[in-house]
Amino acid sequence: MGRPLSGDSSAASGERKGLELWSSLPKASQETTVAIASAFEDDASPNKINICTPGYRDETGKLFVPPTVRYAEKQFHSESMVSREALPIEGHAPFLDAGVKFAYGGDSHPYRHKRVAAVQAVSLTGALRLAGTFLSRFPTLPPTKTVFIPSPTTDEDVTALQDAGLEIRSFRFLDLKTGGVDWESLREDLQDAPMKSIVLLHVSGSVPSGAELTTNQWRLLASLLQEREMIPLVIMAFQGLSSGDTNRDAQALRFMVHEGLPVVLVQNFDATMGLYADSPSIVSIVTRNSEDKERVESQLRAIGRGMWTHPSPWGAHIAHQILTDGKLHPSWLKEIRLMSNRLRSARNKLYVQLVDKLKTPGDWAHIKKANGMYCTALLPSAQTEALTAKHHIHLLPDGCFNLGSLNSSKINALSRAIDSVVREGIREAEEAQAQRLAMELALAAAKEQAAREETQREEEREAAEMRAAREEDTLLMERSIANAIERQKREEEEERKREEQRKREDEQQRKQREREEIARQAEAILATI
């Protein structure tokens, strides 16, 4: 049967009805960096600056590709050294071997005894998703489903781990007062975390804050992880860019491996080699022996089969060449050192601008102490928002930004903008404080006036009560006097009546006596006749 004609109304109606299936689908929330990029594109200001674009960039804002990598790419192009055959699921074996050696050290016991299981992944986020999926399935006794991530953590890391089937919980990492690591809170949170939890850690520069654990804190953390039987899920995407020394930057990782922790490493070469388009990445896990290595690799391959099957060969071949070539590798290490120096210079310039030139209020030491590609302005949220709204500086939440995206002009613009919002924040705080003080004074005056009025009303009530009491006393007294007078009158009247009664009785008695006397005299006279 042929395709229905466009004029077939019943077919068109049925098609529309079938397509309604997607109408109830909710839109996904926009990822933070995508939202920032969209806001930057929509910003009409000619002075707009985006300082959260990923990657190490040159002075013109273009992604920087080290000269050794450019040379290797040209060599591969000219000599057709890369096969068109698809890579196996586990990836390019020489790249995996070189990458594992680069991360763990050529003299490390796990590398020398081939105890590191490793597979190639597509991009850093893809590698994290692969590692997260592996951890959500294994170990199974008991099942480990919870991963603790540092606060703050990028959206893409959270999404990768959530979609891998892990429950996300956070631990305090960035000290919002000092810009360093909040060690006591970190230790408290992980101490309270369930046994055998997964802990996401960044080695060679944390993303997006740039805060870094000290050597002693790494040792204490390793002991805590051992005590709690936790699994370190380590991201190392900037090896060498923190200190300029690739071995030094890997010390924390190598120490945890040396202490026997079950490290799961996610490794990437985007920033250090400029291979963003291909993004060759490695997921590696240190095992107890070669048999366990084969078991782990088989499971990693099984997961990778359902995600991409064949990882990209180009970036893996280039990275392998850079990591192993006797001439290119030393030159690349020097380039890494220069890149690290430029990042350090950007931090120092920003610090000098704020502290020495602009004399911006506040403590900016955390900028110099930051490590790796990222840093935080450590501003209140209102001031961070003002950087974008008023000065068109687009940066990550929590005031974090990519040092690799800064050049001299951007450093000047950023420092002036920070100075402006900080001073404006101080003015607003002072005005708010003055308003609060004025309000408090007005409230105190109102309370005082109310107290005076209440006192006056109380005095008036007391005076009225006293007057009423006096009036009542007077009335009672008058009533008492009137009653007394009335009683006296009654008593006098009764006394008068009694006196009159006595007089009548006396008169009657007198008359009785007179009658008796007359009768006696009459009897006497009669007796004499």
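Positions of Cβ are set from backbone N, Cα and C atoms, glycine also.
According to TrEMBL:
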COMPBIAS  449-473  compositional bias 'Basic and acidic residues'
COMPBIAS  486-517  compositional bias 'Basic and acidic residues'
DOMAIN    47-403  domain 'Aminotransferase class I/classII large'
REGION    448-517  region 'Disordered'
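For the compositional bias 'Basic and acidic residues' (449-473), DSSP puts the residue distribution at 25 helix, 0 strand, 0 coil. For the compositional bias 'Basic and acidic residues' (486-517), residue counts in helix, strand and coil come to 32 helix, 0 strand, 0 coil, using DSSP. Mean pLDDT of the predicted structure over the domain 'Aminotransferase class I/classII large' (47-403): 93.
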